[in-house]
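Taken from TrEMBL, the feature domain 'CAAX prenyl protease 2/Lysostaphin resistance protein A-like' covers 180-275. Look at TrEMBL and you will find 51-68, 80-98, 118-138, 150-174, 186-205, 217-234, 264-285 tagged as transmembrane segment.
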Amino acid sequence: MSDHLTPLAHLPWALLALASLLLWWPKLRAASLALLAAAGAAGFALGQLDARALIALALLALAGWMIAPTRARAARIGGHALFVLVALALGFHVAPGFHNALAVPPTRITADAIEFSMYLNLDKPLVGFWLLLVWGGAQRARPPVDWFKAALPAGLGAALLCLGIAYVLGLVAWAPKWPAWGTLWALNNLLLVTLAEEALFRGYLQEGLMRRWRERRWGDAAAIAVAAVAFGLVHWAGGWAWALLATAAGAGYGLAYRRGGLQAAMLAHFGLNLIHFTALSYPMLA
């Protein structure tokens, strides 16, 4: 729990995180939806959401209606286009009506790093919830042993490659640490950050392209590459080097997804982030 916020201010995020956890058990899907609704109600009650947030929710509902298999092809295409636009607005935190709680104010985790801040976002996770609850096309019905068998080599390989290059380029340095709010960071990253990002880039974009190109020998490789490049581009704000490293990491997460489903991609992603957070300069050297 963050010392910067009152315990009550954590409630919407905590309900959202628990709803995310329950998503993986089909029999608990109704409970996940109830917790998602409770998170929204708590967000409105505590001022972390206002009436304008209903616009994004309404557009997501409309997109879900439009992509139903019974709709005309043009409507389905329009629904997917609408979802992508709303997902980008939510992911970049520009959708109106969301006042995400600042859990970690700008601070240097280590003296030589740039400032880092962390919000308990209520907007970006909605992308993951929509994809799993409404679209439902991501691969996730795999036994847990497959998650780890796929995530471990992909995550470690991506971490060694990407973080190793970042170290050689002088973007990060050896800096072992675990701040007081580290557990909050880890839970947020695993349950909500990787859910939204991997559901969008691997479960939606990569999966969609894999299906479209399934008759092609190069189909899976091309789908992994396209999703990885898209993932890199959204990290462009960190500079070209971080964008290239994110692209390489995205390829690793894509391999994990192909072999172990969405949970494997999330675990690989979280594993790299955890190594970066605990062992190296975070987010990067100043």
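Backbone N, Cα and C atoms are what each Cβ position is placed from, and that goes for glycine too.
Where the annotation comes from TrEMBL, it is an automatic prediction and has not been curated.
Quick caveat, the model's predicted, so the values are computed rather than measured.
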Fill in the blank from the handout: Contact count check, CB pairs under 8 angstroms to the transmembrane segment (264-285), set 80-98, 118-138, 150-174, 186-205; argmax is 150-174
Fill in the blank from the handout: Long-range Cβ contacts under 8 Å made by the transmembrane segment (80-98), restricted to residues 6 or more beyond its ends, are 48-56, 59-60, 62-63, 66-67, 119, 121-124, 126-127, 130, 135, 196, 200, 234
Practice task
Average the per-residue pLDDT over the domain 'CAAX prenyl protease 2/Lysostaphin resistance protein A-like' (180-275) and send me the rounded value.
Solution key: 96
Problem - Within the domain 'CAAX prenyl protease 2/Lysostaphin resistance protein A-like' (180-275), residues counted as helix, strand or coil by DSSP - result: 85 helix, 0 strand, 11 coil
